[in-house]
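*Asks:* Below you will find the structure I want to go over with you.
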Amino acid sequence: MAVTKYPLIIFTIAYLTRTAFTFPSSLQEDPAVTKLRTYLRFRSAHPDPDSGYEQAIPWLEQYAEELGLEFNFLDLDEPNRFAVWMTWRGSDPSLKSVLLNSHMDVVAAEPDKWEYHPFEAYKDAEGNIFGRGASDMKSATIAELEAIRKLKTSGFQPLRTIHLTVMPDEELGGVRGMIPFVKTDEFKNLNVGINIDEGFPIDSENMVHITYAEKSIWQFNITARGAAGHASTLPEYTAGQRLQVVIDKLLAYRESELQKLQNPDVTVDQLTSLNLVRLGGGIGDNTIPNEVWASFDMRIWLLPNWNFTDVENMILNITEEARLGSTPNEVTLNFILKSMEAGRTTPDDSNVWWTVVQDSCREMNITCPPNVLSAATDGRYVRSMDIPVFGICPFPNTPNTAHQDNEFINEANFLKGIERYATLIQKLAVLPGNLYP
């Protein structure tokens, strides 16, 4: 592994094509908005984000140089396994640093389902900017960088060093980025004391949710096999019968969690969600298939009497019951994703970073309640290193359109988010060493 500048040839490609991502000055829009719209046009969408990376990385390097930030690119030894980070050195680099983490990858978009092309970064008359990543989460990357510009312009000097990481594959679970990165000496040398990571927007002027924990994601596929034949027959122990046992029992568990919401003191954040997301099998309408399958998504919220072993045993027991006396290979379980990170960051005054976040919120006249994120971010891997992590999305009056058609952010709310980031970053970066070394 090596920390390097990104290959010059790729920078040249981006430079030669950057006019395609420049907007007319006659629009007289805020330069920060122009930066966002440029970034949104890089097609870093799965399943083929390579061309977007090739444009975004040298562009971010140029951005860092413009702001007077150090730029680093770490090659993690395999194609598209890397980490990018920018650094603003504090006056006391011995103190634990502030890490601002985001990701450059986005989920796929189907242009024919959008009002405007998802990589055009179209801005309508109301200032709504449409583009894949407008909500999740290219807007946060640019807002953090522009907040640093604002602080630098004001003459502010941080006490603590500030790092901004931009990761390649949060949408795929971090396997090419944050998972290997946190195990490197380069990450260790960042000396992170607090990570501000991805949050989720809410449509409110004066409230921002602060994520202190995430549910663990398990995604799994159960395949059932059995007697096949003509659909006019009634063979015993078909694949469908066996899969029905699985579906019935797993959805019964889902119903038991759903019923807990009848208690007004219980929220979905305190529950484990389980959903049937895909079904498949069969080759014809008049043929009993010898194999059918179902895929499930679980977002696990651990309790003192409900741990990962309990969850897995429940699934295994249901799989066993579905075999209906058959051999084990008649019903098989395959995990697609099995996140075992279960860390939580304490959201109360015993945590000095929490008090700093709350002080920032009070200064901005906003309410910032603690919240659990039902989705998952790269922050869970940082949290697994015993580093406190809070997820924050500072943009006011912003509906959550992540992963949706016509994903957007309003430019006025985006600019307000920059102001909020600047306030938060400033307070985090001046926390005295006697309060947190």
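If you go along the chain as it appears here, the first residue is 1 and each next one adds 1.
Backbone N, Cα and C define each Cβ position, glycine as well.
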*Asks:* Going by the Zn(2+) 2 site in TrEMBL, where ASP136, HIS403 are listed, which of the candidates GLU110, GLU171, GLU363 is also part of it?
*Replies:* GLU171
*Asks:* Given that TrEMBL lists ASP136, GLU198 as binding Zn(2+) 1, which residue among HIS46, HIS103 does it place in the same site?
*Replies:* HIS103
*Asks:* Sort out for me which one of HIS103, HIS403 has the most neighbouring CB atoms within 10 A, since those are the binding-site residues we care about.
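*Replies:* By the 10 Å Cβ neighbour count, HIS103 comes out on top.
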*Asks:* I want to check the contact list for GLU198 (Zn(2+) 1 binding site): same chain, sequence separation of six or more, C-beta distance under 8 angstroms. What comes out?
*Replies:* ASN101, SER102, HIS103, ASP136, MET137, ALA140, GLU170, THR377, ASP378, GLY379, GLY391, CYS393
*Asks:* Give me the Cα-Cα distance between GLU171 (Zn(2+) 2 binding site) and ASP105 (active site), rounded to a whole Å.
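*Replies:* Per the Cα atoms, GLU171 (Zn(2+) 2 binding site) and ASP105 (active site) stand 7 Å apart.
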*Asks:* Quick check: with ASP136, GLU171, HIS403 left out, which same-chain residues have Cβ atoms within 8 Å of the centroid of the Zn(2+) 2 site Cβ atoms?
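*Replies:* My list of surrounding residues reads VAL106, VAL107, GLY133, MET137, ALA402.
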